[in-house]
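Read through the structure below, which is laid out as structure tokens, and then see the notes.
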Amino acid sequence: MTCDKHTAQTIGKGDLVVVVGAGRSGMAAARLLHRMGARVRLLERNADGVPADFVRWAAEAGVEIATGDHAPTQFEGARAVVPSPGMAVSKLRPLLAQGPDAPEIMAEMELAWRQLDGEPVLAVTGTSGKTTTVSLCAAMLRAQGLSVFLGGNIGTPLSEYVLSVAHGGADGQGRADVLVIEISSFQLQACTTFRPRVAMLLNISENHLDYHADMAEYIDAKFRLFRCMEEGDLAIFGQGVRDLVAARDLKPRTLFFDAAARRFPRTCLLGGHNQANIEAAWQACREFGVTPEAAEKAVADFAPMEHRLEAVAERNGVLWVNDSKCTTVEALRVALQAFDRPVVLMVGGKFKGGDLASLLPLLCGRVRAVVGFGASREHFEGAWMGQGDFPMSWHPALEPAVAEAAALARPGDAVVMAPATSSFDLFANYKERGHAFRRAVEALP
């Protein structure tokens, strides 16, 4: 399989491309494909899932929209298929033709990458810390005076950058000096020629096993980020993946960042893991000419990311912290290590797997109480109930859990919502869960 985007299969005028999913990246891909002259068919299971303004645009542009369950006939004759990040490639393949007539499966990221005109890419992946790290990278680069596009899994699809270049581009100044991209294992599974100049794998822990067949597939997806990199490129890794790196034959220069460097101590970011994110960002940005002075200023001015160990209030001497983005057992471990005060811990949601019992040594002596809400009660109580020196309780909804946490907390404590689960039992996404937590805290008497 070629890594040269110029010799990879091309999409010509009139070629049929099927886009699966009407999320932001799917709609951006459809618009870009239309601009390229392709014949576009967009599939969306939810009949109400396509925004009205996009439906109007599609009607004017001649882009077909089909709702309902996907069928093999919808993919017949397709030159390529662009799946939503949430659709596993393994579930898509049975719907497609095989052999010489098989369409290419490409992520929206891959589609957009092939349309770029030489802009250097700094890409970041990892189980946790991606969004904070790419945001730190963007801040450091901008502090150096560089124009930056920040996007990918963080929110703005790369296709939107490609479409925008003719209309002012990143930072309103045409083409960006650097494209800073957050990329997930979902997106990487369908990337074939994507080549960053600098790429970073922060860490790997058990995650998304409801999507990937097993841990090996998840790890392989993460390492696809480095597949097309060359000797002049730079691959940056956390110390925790050193053995995984040693088992692979990688072409680019490699660097393992020092998570304990504490190079830029002036920051309001909580936790040692954020010091690691800062060091990783610095090592990446040095490649683009960022000076220590510019990086130091960027770190000092950097505000905590929403829903990531975000201090939302301090009431009666109690610090309230929203870590709704904490969706895994490993992320909960990191969250707990960030506090040197007693914690009232709030957990619960749709459990994605992981060894909760392994957290018991960290919970004991550190956690005053555990207050759960929503789904997964059996997982948490099965692992922790009666095993430590902290009481546990459970509530069907978030609001009564916040009220009980307030009653249990003492001055000097932190109430930390670090659910260690996805949000899909009670909320549409982790952001909605975080906002609900903030509202519940603000409503306390």
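Every residue, even glycine, has its Cβ placed from backbone N, Cα and C.
Since we're looking at a predicted model, the values are computed, not measured.
Taken from Swiss-Prot as is:
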- GLY126, THR127, SER128, GLY129, LYS130, THR131, THR132: ATP binding site (BINDING)
Number of other Cβ atoms within 10 Å of the Cβ of GLY129 (ATP binding site) across all protein chains: 25
Among THR127, SER128, THR131, THR132, the most crowded of the binding-site residues [Cβ within 10 Å]: THR132
For GLY126 (ATP binding site): intrachain residues, at least 6 apart, with Cβ closer than 8 Å: THR133, MET200, LEU201, LEU202, ASN203, ILE204, LYS222, GLY238
